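Record features, source TrEMBL:
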- 72-92: transmembrane segment (TRANSMEM)
- 99-116: transmembrane segment (TRANSMEM)
- ASP127: active site (ACT_SITE)
- 136-158: transmembrane segment (TRANSMEM)
- ASP145: active site (ACT_SITE)
Amino acid sequence: MPGRNLKYRLSLILSILGTSILIDQTTKIISERYIPSRTPIVWLWGTIRLQHVKNAGAMLGMGSGLSEGARFLVFVILVSLALSALFFYTLWNRRLRTEYIIAVSLILGGGLSNLIDRLMFHGVVRDFMNVGIGVVRTGIFNVADMLILSGLALILFAEFRRHRTGQEPSDHKQDTDPL
């Protein structure tokens, strides 16, 4: 139900953020301890490969060739500002439907967990998963990346459903709750 009170929205956002960060950081710790960085662990005939990698860039290493100062500006400062803006928009927008709050919270959780990595590990993110068949493969990624993509997929699904049913992403009915 759109327009839920501030306490509900805050508890929903924070519970998803906390769970997301806990799961992502735990899997990264496990990957550092048990997954080698040189020789990948291969499952299901090579469909899943686990290999611990430190990534100075974004997805697929984009931006890894930037200077350290430029990477800090883009991947720490700008990402922090974007995540903060997204958090406050989601928190204060009383008309935002619950599925959008959940989706944005997944994006925030993944983004914040990768930001924690950058702050704790000198500008790099710990990645460890790669999937594919034959030469068709993903880049190496982590759970935070999956959370971000899941949030984006949920938004796309909600938008597709909204267009089919004529719903609005936010319900414009007047809410009696002041927050």
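Note: Cβ is positioned from N, Cα and C throughout, glycine not excepted.
TrEMBL does not curate its annotations; it predicts them automatically.
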Chain residues in Cβ proximity to the transmembrane segment (99-116) (below 8 Å; excluding those fewer than six residues from its ends, i.e. six or more beyond):
9, 12-13, 16-17, 19-21, 24-25, 75-76, 79-80, 82-83, 86-87, 89-90, 125, 142-148, 150-152, 154-155, 158, 169-170
Cβ atoms near ASP127 (active site) (within 10 Å, other residues, all chains):
24
Give me the Cα-Cα distance between ASP145 (active site) and ASP127 (active site), rounded to a whole Å.
9
Neighbour count (Cβ, 10 Å) for ASP145 (active site):
23
